[in-house]
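Novice: Look at TrEMBL and you will find 23-44 tagged as transmembrane segment. Sequence annotations record features per position, and here TrEMBL assigns region 'Disordered' to 63-97. Per TrEMBL, the feature Mn(2+) binding site maps to 266, 438. Under the heading domain 'FAM20 C-terminal', TrEMBL lists 312-524.
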């Protein structure tokens with residue numbers, strides 16, 4: 001029977017001895033080289049005073065450099081955070097004076113980010129102000145605007161279907177006795193003023209709602225069913241309700257360029273900035289949104305249902321975290337952690353109840369993206385796609401097509417590629433405007449513009465005259481970045497947007513106007529591009 005050969009090391013054999021001597025020599029040579037290298041590194045550091053990468057401290061003169069908090073800042077930051085936690089139950093902004101929490105635009109905190117003493121990865125977008133764009137005059141566009149003052153003969157200038165029978169939601173409540181009567185709270189007044197074309201007429205109608213979003217005590221918190229990322233339903237003391245989106249990234253951190261748009265993280269500050277942008281552009285179709293710091297223990301966990309409460313845990317760094325439950329990013333590797341208990345978040349005001357007068361219709365967006373790694377959407381392959389859409393109700397006449405273009409302008413300036421559906425109020429009929437909802441994936445890349453977001457504009461070559469006027473005003477009056485930054489100063493998480501994002505909105509305004517200019521260059525009749533509506537025709541006579 002053949003004997004098995006086993007691998008043994010017999011040092012008595014000369015060949016084995018020589019091999020072991022060679023191995024020992026190689027080990028000794030490697031140790032010697034390592035020792036010489038360390039001596040050279042120490043000599044180089046002492047001569048030129050070059051700090052190691054692990055001991056770099058961020059300074060204002062190097063805003064893009066990696067940093068870690070020093071021991072002194074760790075101690076002071078922890079003490080002040082504990083003080084803030086003690087005051088978390090009090091209404092208003094928590095008292096935070098940590099150097100990691102309230103540095104202004106030249107510092108470390110954007111979108112209300114509060115970091116603990118653990119290291120922070122370097123931001124992808126430099127925080128220094130970019131070179132401002134030179135203003136363009138757009139004289140030809142101004143001439144076309146002035147020449148189209150009369151009501152257009154386009155089918156998009158007048159209602160094609162029956163106009164909404166109600167001027168606002170208060171009339172809907174009054175006409176349907178089965179609905180509960182509206183009260184006198186700030187939320188009831190906001191809901192009563194919701195109309196078929198705007199959610200509010202002026203900011204005075206929603207000032208009380210914004211204040212509640214910022215300061216009202218939280219009574220209940222529960223997870224929102226479905227969705228790709230964690231969202232919470234929040235109920236305040238009183239009658240207010242809101243959708244909660246927590247901090248994941250700040251506005252200096254961009255999404256991975258290797259990720260598809262449908263894999264982007266949702267951002268709390270994007271909801272805040274998109275609401276202010278919608279208001280400045282004069283649309284008033286985005287629900288009010290405000291930011292605030294929440295205490296994950298007293299505001300969320302203690303008010304949560306059992307399912308949400310079970311997802312809380314303490315991280316190795318000693319911070320309070322939760323994962324929630326959703327399709328993606330709801331695990332401990334994507335946990336949402338406070339510092340140690342405080343977490344910035346956005347609160348989007350609820351509209352009238354969907355089961356009652358606020359019943360909404362959901363529409364598939366005609367220019368929806370494919371949400372596929374390999375397939376293209378129909379509008380990306382067919383140059384005459386808009387001609388097909390114009391034959392389908394409600395895009396064959398009336399205001400809906402112009403509303404879609406307005407939405408594309410908003411999305412382009414905010415860099416939002418995630419517009420797959422939109423909603424309208426059932427009681428207001430098809431001649432009502434879409435509601436501008438869900439902007440969590442906007443303001444994600446400051447240095448990248450996505451021109452295909454404007455496909456409804458450059459494929460159909462239609463623009464509402466009032467929208468064109470607002471864009472032109474931004475080229476010779478105060479810049480959009482200035483107005484947006486000024487408006488965001490009212491938010492408790494200010495500064496919300498980094499300077500790079502503020503410069504991007506100015507650049508994108510010119511991008512929209514360039515597309516309109518090209519449409520007018522190719523058009524034979526400017527009034528077929530710039531649509532002056534018969535505004536009075538969209539309101540009931542009584």
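The count begins at 1 with the first shown residue.
Heads up, the Cβ atoms here are built off N, Cα and C, so glycines get one too.
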Novice: Taking the Cβ of residue 438 (Mn(2+) binding site) as centre, how many other Cβ atoms lie within 10 Å?
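Specialist: For residue 438 (Mn(2+) binding site), the count of other Cβ atoms within 10 Å is 24.
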Novice: If you draw a 10 Å sphere around the Cβ of residue 266 (Mn(2+) binding site), how many other Cβ atoms fall inside it, taking every protein chain shown into account?
Specialist: 24
Novice: Taking all residues of the domain 'FAM20 C-terminal' (312-524) together, what is their mean pLDDT?
Specialist: 95
